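Student: Before I ask anything, here is the structure I am working with.
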Amino acid sequence: EDPSLERHFKGHRDAITSVDFSLNKKQLASGSMDSCLMIWSMRPQMRAYRFVGHKDAVMCVQFSPSGHLVASGSRDKTVRLWVPSVKGESTVFKAHTATVRSVHFSSDGQSLVTASDDKTVKVWTVHRQKFLFSLSQHINWVRCARFSPDGRLIVSASDDKTVKLWDKTSRECIHSFCEHGGFVNHVDFHPSGTCIAAAGTDNTVKVWDVRMNRLLQHYQGNAVVNSLSFHPSGNYLVTASNDSTLKILDLLEGRLLYTLHGHQGPATCVAFSRAGDLFASGGSDEQVMVWKTNFDAADYGDVLKTQKSGTSVDGTHHTLQSEMDCGVHLKKTKTQDSGRNQEQQEEETSLANTLEHIMGQLDVLTQTVSILEQRLTLTEDKLKECLENQQKIIQNKTS
């Protein structure tokens, strides 16, 4: 079954720049040139929230891993952190001196990396909302920056036609990929953390291995590629292009699977949900669309399990034949052992529920830790004040 259009959100008054799903898929965030951030409810008949605060176009949005925060970057040079609720409160981060094009949370939700037209990539702590450091070797606008899944590396893409790989701890540039013939619009890490994909104005998508720094795959399109997103299984990549299409690439087979027409005018952004069953896209037509993936679950259910043992994107020991074989093969087995499938499904459901519960507990812990951190900071400041006052008193006495 082909991917199909599921929902259609209208409410923005200018081109969409960015889309992202919350962890539980209950909400979808979008940013737009209309200076607003919208949070759409995936449940029917639920109203959307419109967040106003940025003084200029919102270039990027992202939910924190827990879903309790949304980060946005804007042409007004600021980054904002929002609580996605009715009040729509936000705090402002200021350190960039030009348009902020990209925001991304580390997978533990503790850090934020931002990229800007001021040619820098900046890293911030989320809870103390403090600017930590800059990475500044790009010689033109930086369009996109992402943490690796383990948070140890950062990748950035720039109009200087390079993709740079950074070590977060040493803050050094480990490698520059210079193979793009145009500006690099978007870059992201494969879920395994072993490779990256970059999209450019030279109409290409390139996949590199970050351990050997070699080009693994190269997809040539016929229009500028604005955005891309990896499926959580790591086997598919979806792209959004200026020719108004979304394309789904099969990374194991190294070929184009689907071309989807939905937007009128350039497709500007695209993102898979965390479970991979949905993806969202936005365009200059002011529309946000949500699509059902409709890959057969078994196509990537198995692979998500084998992923743990390190399937690489070039498929060195992949478990899939081509899409077509797979479909036929699966249909046969389904009739033979539907009983076993049901047991398996039940097991998987209970596992998913347990995981969701654990994630919930982790969220609570993260929030608690952040509150404790803030209190500690306050205590430290108070202590410092006391000591300084004591010094003054002593000085006054001796003088």
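In case you wondered, yes, glycine gets a Cβ from its N, Cα and C as well.
Just lifted these from TrEMBL, have a look:
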type: REPEAT; residues: 9-50; note: repeat 'WD'
type: REPEAT; residues: 51-82; note: repeat 'WD'
type: REPEAT; residues: 93-134; note: repeat 'WD'
type: REPEAT; residues: 135-176; note: repeat 'WD'
type: REPEAT; residues: 177-218; note: repeat 'WD'
type: REPEAT; residues: 225-259; note: repeat 'WD'
type: REPEAT; residues: 260-292; note: repeat 'WD'
Student: Where else in the chain does the repeat 'WD' (177-218) make close Cβ contacts, counting only residues six or more beyond its ends and a cut-off under 8 Å?
Tutor: 140, 143-150, 153, 155-159, 161-165, 224-230, 232-234, 237, 239, 249, 251, 254, 307, 310-314
Student: Can you say which of 93-134, 225-259, 260-292 has the most Cβ pairs under 8 Å with the repeat 'WD' (9-50)?
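Tutor: Answer is 260-292, with the largest number of Cβ pairs below 8 Å.
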Student: List the helix, strand and coil residue totals of the repeat 'WD' (135-176) as derived from DSSP.
Tutor: 0 helix, 23 strand, 19 coil
Student: Counting only residues 6 or more past its boundaries, what in the same chain has a CB within less than 8 Å of a CB in the repeat 'WD' (93-134)?
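Tutor: Sequence-remote neighbours of the repeat 'WD' (93-134) are 59-66, 69, 71-75, 77-81, 140-147, 149-151, 154, 156-158, 166, 168, 171, 366, 369-370, 373-374, 377.
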Student: Report the mean pLDDT of the predicted model across the repeat 'WD' (177-218), rounded to a whole number.
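Tutor: Averaged over the repeat 'WD' (177-218), per-residue pLDDT gives 95.
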